[in-house]
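Copied over from TrEMBL:
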- 89-108: transmembrane segment (TRANSMEM)
- 154-175: transmembrane segment (TRANSMEM)
- 187-204: transmembrane segment (TRANSMEM)
Amino acid sequence: NVSINMMRTTTECCKCDMSLWQTINRGDIDHLAVDISRTHIFGFVSTHGQSCNITHNFGQHGLYHWNADISCQPVKVLFPPDNPYTPVYVVYGIFQIYILAAIFWKVAKQFGVTEKLLESLKTGKGKDTQSEVSETATTATTTQTSRTDSDFPVFQVMAIQVFRGLTIVGIIIFHGESSRYWFLKQSFWNGIMPADFMFPWFLWSMGAVMYQKYRTSLLLGARRLSVCFDVLLRSYQYIIFGFFLNTFENNNLSRARFPGEMQRYGFVHLVMFILEMCFMKKNVEVGSIYKPRDLQDCWPQGGFTLVCLVLHLLITYLLPVPDCPTGYTGPGGFHLYSRHFNCTGGAARYIDVMVFGEDHIFQNPSCTKIYKCLSFDPEGLLGTLNVFLTVYSG
């Protein structure tokens, strides 16, 4: 009687040994389910030392057969899988049609075609509107060229508002049900995915918008103390709202998660804009490329951001972590062939555990599915030092 141990890992797992999947006796037929969002590396090791490894990318609702013997035959497809991207193609097509229709409608409205068309449909007359359209086009061109330079700051702020709105839409998409697609997920640890850009972009845009808001308040005669109170109130709202979100599904305060995205933004918002209120000048003189006056006026804020960045690097790579190599920033678990299993995040997790406690940080990070890593909070204290630079750049 010969039994084999089915082993598996994924291509996303960097330098990982294969883990036990299933033990099968000779002649048995077992049905195993796999996650189609990742490419699997699987195989077997028999009691006699025979082994075989195969890499295969499975599809949705597909039925496959693999004969685990020494011949190491490839996987056979018994029932072809479905195309999981059909809904994506449909939504993308509808979106493209909407964009083209919106562009066409805006151009037609700009040249007065829509008004004349609606008027002709109402009156039932088929007048030739070509001459009138040309006159309207001339008027529209004249109106566009008459735009003054004072309008451009308004358009710049509007562009930032649009960018912020798009990032919010992206956060909803990447954190909703649609994030089951692999290309909408966040990276497990190494690399970067589109979803990883959403929150930094949101922080950058919010930094730009809040800077314009508070500067405008000072220009309108508001006292710095009242603006600081507004900053404090807004930061408090972000932190409290983020904590409520963390306890929405788990109201056990003994295991409630303290860090979070909203808490991080509230803290960074408080520190950066209190600092801005202390050093911000009401009027910024615009200099040349060789004498950037706006940067000269903001050197205290920039110096604080640079100190935070250097401090982040020093703590990350020089802080000793018990039973872990100094400077380790990997996911731990199966990474590096399980040599540093309990070293998830290195100094970042160590600081969070010492400050908040292990029960009050994120318990199910994305690296758990691949590396079987420990609890780790991506919005921890050490990573907040980098966020100061993101908000300041906005």
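Backbone N, Cα and C define each Cβ position, glycine as well.
Just so you know, TrEMBL annotations are computer predictions that nobody has curated.
Sequence-remote contacts of a segment are chain residues at least 6 beyond its ends whose Cβ falls under 8 Å from one of its Cβ atoms, and for the transmembrane segment (187-204) they are 12, 14, 163-164, 167-168, 170-171, 174-175, 179, 261, 265, 268, 330-331, 335, 366-367, 369-371, 373, 387, 390-391, 393-394. Sequence-distant contacts of the transmembrane segment (154-175) (same chain, six or more residues past either end, CB-CB distance under 8 Å): 184-186, 194-195, 197-199, 201-202, 205-206, 208-209, 212.
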